[in-house]
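Enquirer: Quick one: structure below, then a few questions.
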Amino acid sequence: MARLGVNIDHVATIRQARGGAEPDPVAAAAIAELAGADGITIHLREDRRHIQDRDLRLLRQTIKTRLNLEMAATDEMVSIALSVKPDMCTLVPEKRQELTTEGGLDVRLHLDAIRGAVQKLQDGGLIVSLFIDPDTDQIKAADKSGADYIEIHTGAFAEASDWKAEQEELKKIENAIKLAGKLGLGVNAGHGLNYSNIRKVAALGGIEEYNIGHSIISKAVLVGLDRAVRDMVDLVKYS
């Protein structure tokens, strides 16, 4: 049965908009866990635009499920990860001008640097995933990097303009799942997944964990975080 990792970055985004202490993403994580989330995902960006070091530290101390830390493959972030010891580190690309992560890592282009970061993290006893597009060459490069998992970037599927484009993107995801399996890589997925489209990806099978944030927090504004998480848990686990 697939797992749901709830990304709470946007709780921190709301807090940072006023520069205060509320809403606290640490409290949000506790509510998400009680509602059935299998893990909590956060992205500690280099510019600290939403999640702060304090959040990461407290979440590591309080989370009862699993903590997935999204991070750039920089010396600073590797050092932080080795100190905090999340249950999984997901390496993601990062641009200061972007509103959210816009695409997958180019593992082919940056293979040496990514391989080095993966090795350091694994030497520290950490499990490493790479956030990549559902592209054959990128998956093969991820395997060469020594990573344990890939997280398939589902943004192109989520943003498909029509049925035909959506089916093409679903096929890419399906092929990516199969190739990763043959290479011995675990498979997670995320980006742009919501209450309307998650069933289509879940029907493919082969994905261990879905990391979903924006749609859950958006619904939580209207119905509460507990209900929003429970509804997504039902879709992920029983679709």
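Even glycines carry a Cβ here, placed using N, Cα and C.
Reproduced below are the annotations present in Swiss-Prot:
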ACT_SITE  H43  active site, proton acceptor
ACT_SITE  E70  active site, proton acceptor
ACT_SITE  H191  active site, proton donor
BINDING   N7, R18, G192, G213, H214  3-amino-2-oxopropyl phosphate binding site
BINDING   D9, H10, R45, H50, T100  1-deoxy-D-xylulose 5-phosphate binding site
SITE      E151  site 'Transition state stabilizer'
Enquirer: Going by DSSP, is H10 (1-deoxy-D-xylulose 5-phosphate binding site) sitting in a helix, a strand, or coil?
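Expert: In three-state terms, H10 (1-deoxy-D-xylulose 5-phosphate binding site) counts as helix.
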Enquirer: Which residues in the same chain, at least 6 apart in sequence, have a Cβ under 8 Å from the Cβ of G213 (3-amino-2-oxopropyl phosphate binding site)?
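Expert: Residues satisfying the criterion: V6, N7, I8, D9, H10, T41.
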Enquirer: Highest Cβ count within 10 Å among the recorded positions D9, E70, E151: which residue is it?
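Expert: Checking each of D9, E70, E151, the winner is E151.
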Enquirer: Say we define neighbours as other CB atoms within 10 Å of the CB. Which of the binding-site residues R45, H214 has the fewest?
Expert: H214
Enquirer: Roughly how many angstrom lie between the C-alpha atoms of G192 (3-amino-2-oxopropyl phosphate binding site) and E151 (site 'Transition state stabilizer')?
Expert: 13
Enquirer: Tell me, by DSSP, whether H214 (3-amino-2-oxopropyl phosphate binding site) is helix, strand or coil?
Expert: helix
Enquirer: For the 3-amino-2-oxopropyl phosphate site made of N7, R18, G192, G213, H214, how many Å separate the two farthest Cα atoms?
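Expert: With N7, R18, G192, G213, H214 as the binding residues for 3-amino-2-oxopropyl phosphate, the largest Cα distance is 26 Å.
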Enquirer: Given H214 (3-amino-2-oxopropyl phosphate binding site) and H191 (active site, proton donor), what distance in Å do their CA atoms have, once rounded to a whole number?
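Expert: Distance (Cα to Cα, whole Å): 9 Å.
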Enquirer: Between E70 (active site, proton acceptor) and E151 (site 'Transition state stabilizer'), find the distance joining the two CA atoms and give it rounded to the nearest Å.
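Expert: With distance taken Cα to Cα, E151 (site 'Transition state stabilizer') is 11 Å from E70 (active site, proton acceptor).
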Enquirer: Using DSSP and collapsing to three states, where does H43 (active site, proton acceptor) fall: helix, strand or coil?
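Expert: Going by the DSSP assignment, H43 (active site, proton acceptor) falls within a strand, counted as strand.
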Enquirer: Over all shown protein chains, what is the count of other CB atoms within 10 A of the CB belonging to H10 (1-deoxy-D-xylulose 5-phosphate binding site)?
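Expert: Cβ-Cβ neighbours of H10 (1-deoxy-D-xylulose 5-phosphate binding site) within 10 Å number 21.
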